[in-house]
Structures are given as structure tokens and as C-alpha cells.
Amino acid sequence: MNLFPLQMKKQCDQKLLIRMKTECVPCSLNLETQCPAGYTKITNGTGIPDCRYYLEIKTHTLSFPGCRHACMKEFEQPECCQGHWGPDCMGKCCFQATNCLSVYLYTDEKLKFLFPFCNSQKGFGGTACEKCAEENLFGPQCTSVCNCVHGVCNSGITGDGRCTCLSGYQGLSCDQPIAECEALRCPANSRCTISDEDGRRLQCTCLPNYHGDGTHCEPINPCSKKVCDPNANCIYLGPNHHKCACQEGYKGDGQVCLPIDPCQAIYGNCPAQSTICIYDGPGKSHCECKEHYENFVPGKGCSMIDICETNNTCHKKAKCSMVAPGQITCTCQRGFVGNGFVCYGSIMERLQDLNTEVGGRWQGKLTSALSLMENVYEWPLSNLGPFTVLVPTNRGLKGINIKDLLSNKLKAQYFVKLHIIAGQLDTSSLNNTDVIYTLTGKSGEISRGEKDNQLRIRIQGGKRKGKLLQGDIIASNGILHIVDKSMDNIEPTFESNKEETIMSVLQDNGKYSQFTTLIEKTGLGMDLQQENRPYTVFVPSNGALNNMKTEAMDYLLSAENNDVTFILINLYSFQLEAASLISIEHIRSMAKQFLHFNRTSTGQVLVSGEKMEETDIVAKNGRIHTLAGVLIPPTIIPILPHWCDETRSQITVVRELQKNKQHQKINSPTFPKTGCARYCNIITKEPKCCRGFFGPNCSPCPGGFSKPCSGNGQCMDGLDGNGTCTCAEAFQGSRCQFCSDPGKYGPQCDKKCLCIYGKCDNRIDSDGICLPGSCRSGYTGKLCDKPVVPCEPSLRLCHAHADCHNLHLININEDAECIQMGPGEYLCACQAGWTGDGQDCSAINNCLLPSVAGCHENATCVYIGPGQNDCKCKDGFRGNGIECTPINSCLEQNGKCHHLATCQFEPSHGWECVCPKGYEGDGRTCYGNMNYFTCSAFMQEAEINSVLSTTSNLTILVPSPQAIENMDEDEKAFWMSKSNIPTLLKYHVLTGAYSFADFQNLSSSDMLPTSLQSNFLHLIFSIASAPCSCNHSTCTCIDGIYLPFFQVLTPLRSTVMPRLLARLEQMPDYSIFRDYIIQYGLANEIEAANSYTVFAPNNDAIENYLSEKNISTLQAIYTAFYFTHYLSCYHITTKHLCCFLIAFLLQLFINDAPLNYANVATDKGIIHGLGKVLEIKKNRCDINDTVITVSGSCRICSQPTSCPPGTKEIVRAGVLSALMLPLSMAFLCLQTRECCAGFFGPQCQPCPGKAGSACFGNGVCMDGINGTGTCQCGAGFVGTACESCAEGKYGRNCDQVCACVHGKCSSGINGDGSCECDVGWRGVTCESGEPDFFFLMSSASFHVSSCLLLSNGTAYCKCAAGFTGNGTFCTAIDACETSNGGCSDKAECRKTTPGNRVCVCNAGYTGDGVVCIEINPCLENNGGCDRNAECTQTGPNQAVCNCLKGYSGDGKRCTYISLCSQNNGGCSEFAICNDTELTERTCTCRRNYIGDGFKCRGNIYQELHRDSNTSRFYFHLEVRKGFFVCFFFALRVRRGLEIGKDLVYQHPST
């Protein structure tokens, strides 16, 4: 019998996960930022760029983008389990049927424990609820009531309720008097009772609370027995009555006395903030100073040690503050940034520091740049920002006279600003861009040196390239880069003029004439001529205004608009330079609109999203900044007032349900009853188009909305209008732009045409000359009055889109055709799909016709071209578009719905198949998780459900219950044991997804790999054709195949697989390869690995290879090449650092070698037979892959690594001991993996280009393990693989410049520079002629050709560039017709203009189309895989994710497998295991325990129970419910047990 009960759990701490983010700081400073003490940093590098930090500099508060780190810590909230209390949770406060509550005192803003309080259930009482509340209650639950009338009840928790009757009474309730008792004359303290022997005789017995023989009774003294707690005094109060009083230092009711701990009651009067209370024994304690406190004063506490005064580690420009005992915070002073330990000043301060730093790299070398910036730009560089400043050295400014430059402050400022970029561009940002923009608006080019690969910067239009000597020098308002040359002093394209006003400066520059005209039109020009008020003007160029829609521009220029808001938004009533715009977020323009300022990642300044081109053009009364776009005030958006909705109001009566006039039923009859009605004003808005707009989208009428139909007719406008113009009597045309009289022209059609031998241009805005190309044969000129000279530029032939059957050549509308009506007569008629009079043709949109082109109501009309359309049935319907019927996809799609799915009709999608809840799929296939299917007891006993849920591509052969029942009893007992069933289960799990059909197609010689290492299944069994729980042979799952099975497969109890050479000996077709392994002694090396995969070429393959290469034997490296440790689904990395590419075609290939014989098992690995010898294509160039373990004594973590030269430290496996014990520390060192030259990425893929010539030798590939494979092309070369010449270049070196002026050049690497002229041009370089089209007409069709002259003056026609033919008949060249247009076979060739094409890479590929390479998603963001997963490319833009060792999951999300999850990580059961996620963990003893974490010791009471020699003593203490604490200081006893400083004596009798 076990006399010692198991120790119950007393502490039930709650684990909390706390997350926080560090303070926002400059990203360049965030590398060194640490999380607060106790937190773990969970972000890498510079952290998360999701915040902004603010810098106060004099009058400005600058806002900068910054970074911060995410931190996390696991916090255990100490809590006692139910029934325990106190800081060590040792007290057991209550008996059964009670709740133990804790009483707390709120002091010093903290809750402090005082004592436990038993919240007893009804009927219980006592300190520990150990007795019944009332004396007349009894029973375990204190619910029974005594019924003794004349007697004493046996009450209490252990009482049974029996009555002891008083003298003269009897019965169960002592309610029956005894008459014969008077004769006995019982002495004092006794009474008359019935004898227990026969129930008849009377006798005298002692009264309750007395004892004796009845004739002599003495009072009972309870104190003679141990009725009180050992720590209580017993006080005699009378017969059988006593009182238990707890001794000093204890509290309770005497039955239970608990030691008083002053530290738990008001913390022993110790100030909690600075002191700790030390328990000295029952009722005794004293106060001691906490760590980082000193000088204890009773009642006041201790004083905090000010580290800022004794050990200030802050920067000289930082303020030191105490934030907690032993902790300081350093805050940089105003105008400085940093972490407080390092503080950086402004750009000018940093520049001065660098130039004067004694012994510094730049001491005295930046004097010229410093002098220049101090004189002309000191204030912006000290008070504004952020800026990136390129600082040239003194040598880099050689040749520039600083003194002369400073004589013109504007030019000096412009030169300085050529070296300043808006924003903070570190070297990483510069590496990732090709262009930057300076504060002048000028762009700069970023390049790399061919030899040193260092960054170089050149200003557009300049020649000097400044090489970056040192970058990323941090300042509070930006960042500095030291360059070896200054930028060229390029002149501004828009010159400043301090002698003229803004308006005059704008009028002198034609590039901004349109905006200048707008200013003059609105009357604001006079303001900008005034000199007494400064302005800042943002001016859009003519090109920006021209890019606006014509109708929008027309409206802004129209008289009815006259909205000065459009101009005022570009004006600001103060003078602002570009540097100020960088530092402020927005301003309010004179139009009362906000203009917002920001910048691109390349430094280009944006004004409300529009790019600035030129900055700081200084005028007499302000500054001008030019824009590449137009600022549109929100108040005039949309610009075109095309909607003119009408608002209507209508008064209606709304009768309320309970108050209106109604018939109310009262006792069957109905009577009229008068009520109330409400009048409501209902406001409705009716959409309408403004005048001059038509159709459902309110489009502008022909001729412009301001003058619909050119002002000469009536437009059919409005929502229902079609935009047709009804012209006045003297006008015609779709826009009423022609005169009805063919001989008249002008706005009123009242002027007579001047054309003589041609057709008059009778437009209302013409000048009355002849239509181009309308002159009669033999005449030319504007008035057709000059004789014709062959091929003269003034000759005009028929239009390209016209078919003319007349002898006279005319020009008609490009969408019309010329029809002969008779000799010398012709008629122009619009072509099919167009409508009009032949001179003016408009496209017909069938989809806008009332019939909607005859499309069905469930079809969509698709506009293809003039007069052409297509009708396409909507989703969920089918047909030809004219007729559309609903599709029931559930019944008509292939395979119909899955048997688990249901067919549902969705209005938005039509019919579709929907999988049930808990399943996934498209409805035609529904699948669940493997763990869902493996529900049999066979699977559950193995307890590996988590493996089945996280591992991909498995096939499980699940024996049926009957199969398990039919097992041999001996086999069943052996394999179903807890230790063996995992092995049995693994033998039923195949690595790979096999369907039932796959099993049928395998031969009996094939072996299937199981998840049990080195064990394979032979197909010598039959698989049932009807599984037990599925309707088909196979149930497809998310992660594999589940096959019900009718046989339990048992591996050999001692399975012995043959070794490598023995297995190869059984394969005669591979004997030569086996001989090579023996010859080069590779067998032992291969079998030394834990597992391996061998690709073995067969005898025929080796003999063919030797014959081809004319060699006699394979070298050792070739033989070792076939041995690999690691196999993934797409790439295999061999021991000799090469990669195999696995291809899945009709047959499995390794590189280009067919896999003929697969899955031949050995004791430790597997052999695959190949039908070809693999060529060595070495792509990995690791120097050393050896893992070196270096052991040594414990060192400070900040000390240099102990790894040997040439290696780097990858894991710190040392243990930091709190006791600073001399523990050993191990470091794992590994040589960095590297790709060979010309290979890149984690899988060392080949760079674009051809084998052995990356980038075709015309550029440099960004190769290496961290490379991107991008080709940086040399001068003149472009393309993904630098396979083409830049635009306008030709020749092998792409250094020849095409000279074609108006034609197509034979460019490219294979080009010769010859020219094919455009229409209308001729000459060797196509320099002669006019930039017009010459068209030659024929009766068949139109052709595009040029009219040329032979030496004898004869004219002839030649097809223009992009066309082919004999000159009189030309057809467009299809550039994609042959060889896919020269595009890659992984690209699509798309025709553009005649003779031209573009190449577009197919999905999954990237490049310029001529060269397309597979997109490797792993190169960006780790392919979407978890940061603790390896991304492996499996195809074009396809990859799989596999969690790294030590992590589990699907690869997209990997969870760290905590070392603390099993056996508390090897820590003591009284310790907290903390996993650092670095394959390490720390052990820390719990509160009230001491030790190193691997062994933790508690207080005396805890250790008594743990030690077998003292556990019996502990049990007695438990029974007594008391505490014996004995302290023996410095006592040495032979059988003593040392615990901390205490010594507990073990009495020999215990």
C-alpha cells in the first residue's frame, strides 16, 4: 500500500505572448537596434519600413520614412492552482466543498497578497472550513440536523448524529422518560440509563463531558490530549471544554494554525518599489535593498543608483535618463538622430565632422565642397530635408574655380543642387535603379564600372562620371555619399532672370506659351507682373496641356467657363524653393486647394502626383517650377460639365398604419374612425445630359460641345439622343463642317472657291484652295493651276484607302471609295461599315443601334470595328449569341459532379458543382485531408496523425478491421505492440501518390518505396478492386492517396537489404559502372553516408560514351558524379556540387538521360538506372563543404569568432550561465556556398546566353548564389541576354550608328546599316523628299509605295519600308510569318505595323521576347515560402516550399519545432524551458527555486517531499496539516540533507 500520496500540482502559471515594435528610426540605423530586455527580435536586417520618424530642426518638423523591428516575448503570469495560495503556492487552505480565495491589499499601485480565505459552502465553518458551522449539524456535507431532545448529539463532519441521553431519558431521540431512575440515587456527575447488555436493567453512568464507572465520575480535560494544532496552546474551560489559541507568529482558530509571513501581509512594511522583504520565520522578517538600489532607510526604502552620473554611456549629443533600476535611456538632442549611444547631426555638421576628424579618412579632403555648400546652400542643408548629397573630394573639384563660381550665387546654387537628390537614397537604392533626379530637376544616370564594378553617377548631358568612394554616411536630415568627381556644371534649360517678373520670364519661353495664354486670358497676368508681392508658380508645359483631352481643353479655354480656379491652383502667394517643398507635406494654393508634395524612390519631386521638370527658375517677384502634367482642381472635376441632372420635388400623402382613417373592429361590428395623415416632400433626381452632350454616357456632340454641329445645326443631344447633326440649309456633313454648295467655303459658306483645275475644299474653316490630290491630270499646286513634273513633292495621288476608277487622281475621305460614274465623272461613297456622303464618313457602331445588332438578351454585343460586331453569350449560357440557352454544367461538363458534391444554380455563375463543407475542390473533384480519412483504430494507435496532415504526396494502404482480425496471433501481438506499431505503419505508407490505375500499370518487378527507411514493397499481392468506404478505387486527398486494403503487410522482423556492391552485382546490365566504383574505391565513401541516391548508367550507355569521346575509361570524378546525398522534386545536388535537372516528359529524365530502371533499394539508399552517361556541367563552386566543430572555453559573446580562417560562424551553441560557470562552448563553422561563374541563384541556374558565354559575351551577368541572373549589357548592347543592339546601332560590336533619316535601318548585330525608305523619301539615307505619303492606285486594291526617278528621268514605284511587291502592288510584310519572327520559342510573335513585330514571352517566362528565361519565383520573397523554408523551382514560375530542418508545416507556413516541447527540453521539472529558435534553449529555475535550470531546488518543505529519506516525515506533516520548520545553521550531521543554507536533521526514528 502506498502511504505517500503523489504530489499534487500547485502552481498553474498562465503563458502570455506579448508583441511590440521598437521605436521608428532611420532604416540605416535600425540594423543595430535591439529589443527591450526579455524580448526577442523576430525581424531581420533593417526591419519593417512601415513608419515615419520626426526630426525637429529649428522652425521645421521634418517627417522621414523609417524602419522598426518587431519584438516578442513569452511571459508567464504566476498563478496558483485551485486550493493553493501564497507566493510559492505551498499552502493548502481549505477542506472539501470549499473555494479558496486570496485576500489582496492594493498599495503602491500594485496588488499584494495578504492571506487565503476559505469561501465555504453552506453548513461549513472554521479557518480551513474543517468543521460544521452549527453544533447541531453532522455528516460529511454538514447537511444533517441532530434531533436529540434530552441528550447530547454526536455532531460534526465525522459525527453520525447519535444521541447520548441525559439522566432519566431513553429512546433514539432521548424523548422517553424513565420512572424507575429515582430509586438508583445516582451520585453527582452521573445519571440513570438503561444497560446496554439486556436493555432492561437500569444503571448509573457518567454524564457527558465526564468519565468514570458511574459511581465515581471525574470531569474530562481535553487538553490532556493533543486536540489543538502543534503551534497552538490548549486552555481548559471546564468539563470537556477547551479553547485552542495559536501561538505568537501564527494565526488561525487553534485547530489549524498557519505561520504568519509578514512579507505576505503588507510586504513586511518594506517599500515595494525599492526593497524586498526577507522572511525570517513565523511573524518575523526584515527589508533589504533591491538590485540597483542602496542606502536603506526604515520606512522610506532605498535610493536608486543613478547610472547616468556614475556610468553614462550615452553620446555627447544625447541626454541620459533613468527609466528603471539599472536601465538608462539615451535620447539624442534636438536636431540629431540616432539611438542615443550614437547621434548624428545635420548634413552640414556631418560634413564638417568628416573634414576635421583627426586621423579620419576624409580629414582635409572635403574643404572645397564644404566651402561651396557653406556659402550658397548652408541653411537648406542644415534645416531642411531629407536629402541625398553627393560630396566631391578636393581632387574631384579640380579644374573648377570655387572663387569664380561663388561670384554668381544663382549659378553656384544650381551647381550645388546638381549634387543633391530629394529623399534618402542609400547605396542599396542606387544599386536598384538606373536613373536619379537631382534637386534641379535634371536626371542622372547610374552605372557600374566594368573593372571595379563600383557605382558611378553622371548627370544627363554631362560627361564626367563620379565614382562612389564611400556611401551611406548618415546625417539627421539625409545621407551623404563621397564621390571622386563632381558633376558637370550643366546649364539649366530654363534660365533664371532676376531682372524680370514671372510673367515676363514666361512670355520669353515658348515652351510654356499655352499656360501663359491662359494666365493672360483670366486676367492674372497683371498680378504676376507686380513686383511688390512674391509668388511661386507651378507651370505645365505645352506638351502637358496637349496631352489633355481636346474637349476638356476646349472647355477650359471656353468663354463660358472662365474659371480662374484652374490657374489659381498653380499659384502660391509666397516664394518657395525646391528644397522647402521636400520638407513640407502640403501648401494651400491661391485657389484654396491643397497641393501635396512627395517624391519618387529616384528623387523626382511630385506636386499632387505630377512630376517636376525644372525647379527654382528665379524671377524678380518669385520662383517658377515647371511640371510634366497639369494640376486640375478637385472643384472642377470632372472638367466637362456633361451631367445636368434635374431635381424634382413632389408632395405626397403617407398614411400611417395606426393613425389614419380606418375601420376599427369592436365586438364584431365595424365603425369608421377618424385618424391622421402625413404630407411628405419626396425629392427625386432625374439624370440628364447638359446641352451639347448625348447618349447614356453624355458624350460631346460632333463639332464640340461648346458649338455642337460646328454651330451650324442642331445636335440630337440628351440621354436618348444619338448625336446626329441636323444641319442648316447652307451646311452639310456629320459635323455640319462642309458647305452644301461645292463651290463655296467660309464660316457662312458665302465665299467662292479659288480652285481652278481641281475640287474645292469646301470646309467652313478652309481658305478656298483645292483639295489635296484633286487636281486634274497634268496639273498640281494649291489651286491646281501649275503643270505637273514627275515625282515632284507637290504631287498627290489617291488616298491609301480609296479605290478610284477615274482617270483623274483625287483625294477623298480615307474611309470612302471612289466610283466611276462616266467619262471624267466620279462619285465618293463611304466604305462598308461607314456612313456619310463620301467626303465625311463616320464609323457605324452596330451595338448602339436599337436592335443591338440582333444579339440575344442574354448575350453581349462586342464592337469589333466599323459596321462589325460579334454576339457572345453571357457566362452560364451557350449559343451563337443570336440564340442563348442556359447551361446546366452539372450535367454536361466532363465527369459531371463528384459523388460527394451537389449541383447548385448560382445566378451570377449559372450551374456549378459545389463540394460539401470540410472538402475542397472544383466540384468535379472533391478532396479532404489525409488525416480525415485515416480514421481506423489501426491509424489512431500509431499517433502520427500530425505527420499525415503535414507531409505531401503519400499513398496509405489501410488494412480493413477484418484484415487486422485475421492476423496470426503471434504476428499480431508483436506488431500491434506500442513499440512496433509505428514501424508497421510506416511500411504501409508509400512515398508518392499512386492511384489504383498506377498499381495496375506497374510490373511485378517494380518496387515501391515506403516511408520505412530502406524498405520497399513488391507487387506480389493483389489490391481489392472495391474499397471498403469509397465509391471508387481511389479517394484523392490534399496530400496523397488513401487506399482501403484487405491485408496487413508486415516487414521482415530483421530485414537485411544488400549493400551497394552486392546490389549492383545482382544487376548485370550495370557491371561496368560497378567495376568503376571498385576501381576508384568509392564504395566505402558512398556507404559512409546515412542515405544516398546513385544514378548508374548501364553498360551500353558507358560503351557508347567512351566510343563517342574516343577515350578508354571514365575518370573518377565522372563516377563520383553519379552519387548524391539529397533528392528533391526538381533539382538534385550531388556530392560534387553539381545539379541534376529532373524533367517529366513522357518518360522521366535526369538532365537529358532517360531513367530506365528505378527504385532499386540497398541497405542505406537507392539506385536508379540511366540509359545515357551524364555530362558534367559544373555549376557549383564551393571551396569547402566541411562542417568544423570548434570547442573552447566560454567567452564574451561580443568577442571575435573562434572559427578557423576561411570559414564563418553559423551557429552559437554556447550556454550563457547565470552563475558564470566555466562551461564549454561549441561553434559550427561552414564555408559559404558559391555558384560557378555564369550561374546564379540558390540552385545555380545558368545565366541567359549560351553555354560558356553568359550574356553572349556582350555583358556581365549578376551571377552568384545571391545573384538575380540579370545581364548588365555593355555599351551599345541591349536585351535580356545582351543579344541585340541598342536602337539605331548595328554591327558585331553594336558600335555603328544608323544614318537613316526617314526610313528603316538594317540594324542589329547582323545588320549592315542599309536603309529602306519610308513613303515619300529617297536617297541612300532617305534624306530627300517630303515627310508625306505617296500612294499609287490600281484597280485591284490600294498599295503603299514611293515614286522614284531613274537617271533618264523615268518615274517608277517602289514599295515602302514594311511592304513588299513590285511597286504598283504592295502588301504588308508579316514579320511573324517565318521563324516565329526571330522571337524565342518560348515567346509569342505579335504583328504591329507592316514589317514590324513585338515578341512577348509566354506565361511563366520573362525577357525581351527574343530571349525568354524561366521565371524563378524563388528569387523574389523566397517564392512566397516561409522564411524558415527552402524554395525550390519546379518549372516556369512554379516552385514548391519545404520547411527547413527543425521546422514543420506546408512550406508556406513553417512552425518551429520547439526543443522544449518534449521532456521540458531536458530542463528540470521545476525550471522554465525557453526556446531561442536557434536550435538552442535555456533553462531557468522557476520562482522560489534555485539552481542552473537543469537541477532546481526548492525550499525545505518542497525538498522534504522530494527526498525519499524524508518523505515519511513530510507525510506526517501533511496528515497533521501543520508545518515543522527547523533551522540548523552551519550544522553538519552525518545523515543530514543540505538544502541551500539550511540543514534539515533526519531523526533516526523517522
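Using the three backbone atoms N, Cα and C, a Cβ is placed for every residue, glycine included.
Summarising the annotation, TrEMBL assigns domain 'EGF-like' to 138-175 (among others). Model confidence over the domain 'EGF-like' (138-175) is summarised by a mean pLDDT of 86.
The disulfide bond feature in TrEMBL is assigned to Cys146-Cys163 (among others).
There are 25 other CB atoms within 10 A of the CB of Cys165 (disulfide bond), with all protein chains counted. Marked as disulfide bond by TrEMBL: Cys165-Cys174 (among others).
Marked as domain 'EGF-like' by TrEMBL: 219-258 (among others).
Residues or ranges marked as domain 'EGF-like' by TrEMBL: 304-342 (among others).
The feature domain 'FAS1' is assigned by TrEMBL to 344-487 (among others). Residues in the domain 'FAS1' (344-487) partition by DSSP class (helix H, G, I; strand E, B; coil) as 48 helix, 41 strand, 55 coil.
Here TrEMBL flags 499-631 (among others) as domain 'FAS1'.
With a 10 A radius on its CB, Cys727 (disulfide bond) counts 19 other CB atoms from all the protein chains. Per TrEMBL, the feature disulfide bond maps to Cys727-Cys736 (among others).
Under the heading domain 'EGF-like', TrEMBL lists 843-885 (among others).
The annotation domain 'EGF-like' is assigned in TrEMBL to 886-927 (among others).
What TrEMBL lists as domain 'FAS1' is 919-1049 (among others).
A Cβ distance under 8 Å defines the sequence-distant neighbours of the domain 'EGF-like' (1245-1283), meaning residues of its chain 6+ beyond its ends; these are 448, 450, 453, 1177, 1179, 1232-1235, 1237-1239, 1289, 1293-1295, 1309, 1406-1408, 1410-1413, 1416, 1419, 1433. Sequence annotations record features per position, and here TrEMBL assigns domain 'EGF-like' to 1245-1283 (among others).
Residues or ranges marked as disulfide bond in TrEMBL: Cys1273-Cys1282 (among others).
Annotation source TrEMBL lists domain 'EGF-like' at 1290-1327 (among others).
Annotated disulfide bond per TrEMBL: Cys1298-Cys1315 (among others), in sequence order. Cys1315 (disulfide bond) counts 22 other C-beta atoms within 10 Å of its own C-beta, drawing on all protein chains shown.
Cβ neighbours within 10 Å of Cys1326 (disulfide bond), excluding its own Cβ and spanning all shown chains: 22. TrEMBL lists Cys1317-Cys1326 (among others) with the feature disulfide bond.
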Contacting positions for the domain 'EGF-like' (138-175) when only residues 6+ beyond its ends and CB under 8 Å are counted:
96-97, 123-124, 130-132, 181, 186, 190-194, 207-208
Nearest of the disulfide-bonded residues (Cys146, Cys163, Cys1273, Cys1326) to Cys174 (disulfide bond), judged by Cα-Cα distance
Cys163
Under 8 Å by Cβ from Cys736 (disulfide bond), same chain, sequence gap 6 or more:
Gly703, Cys709, Ser710, Gly711, Asn712, Gly713, Cys725, Cys727, Ala728
Near the domain 'EGF-like' (1372-1413), which residues from the same chain, at least 6 beyond its ends, have a CB less than 8 A from one of its CBs?
1248, 1269, 1278-1281, 1283-1284, 1304, 1344, 1361-1364, 1435-1438
Going by C-alpha positions, which of the disulfide-bonded residues (Cys146, Cys1282, Cys1298, Cys1315, Cys1326) is nearest Cys165 (disulfide bond)?
Cys146
Measuring C-alpha to C-alpha, could you say which of the disulfide-bonded residues Cys146, Cys163, Cys1273, Cys1298, Cys1315 are within 10 Å of Cys1326 (disulfide bond)?
Cys1315
Looking at the disulfide-bonded residues Cys146, Cys163, Cys1273, Cys1298, which has the shortest Cα distance to Cys1317 (disulfide bond)?
Cys1298
Quick one: pull the CA-CA distance for Cys1298 (disulfide bond) versus Cys1273 (disulfide bond), whole Å only.
20
Winner by Cβ contact number (other Cβ atoms within 10 Å) across the disulfide-bonded residues Cys146, Cys174, Cys1273, Cys1282, Cys1298
Cys1282
Write out the long-range same-chain contacts of Cys163 (disulfide bond), meaning residues 6 or more apart in sequence whose Cβ is under 8 Å from its Cβ.
Cys146, Asn147, Cys148, Gly151, Val152, Cys153, Asn154, Leu172, Ser173, Cys174
Local Cβ density at Cys1317 (disulfide bond) - other Cβ atoms counted within 10 Å:
24
To the nearest whole angstrom, state the Cα distance for the pair Cys1315 (disulfide bond) and Cys1282 (disulfide bond).
24
Secondary structure of the domain 'EGF-like' (1372-1413) by DSSP, residue by residue, totals 4 helix, 16 strand, 22 coil
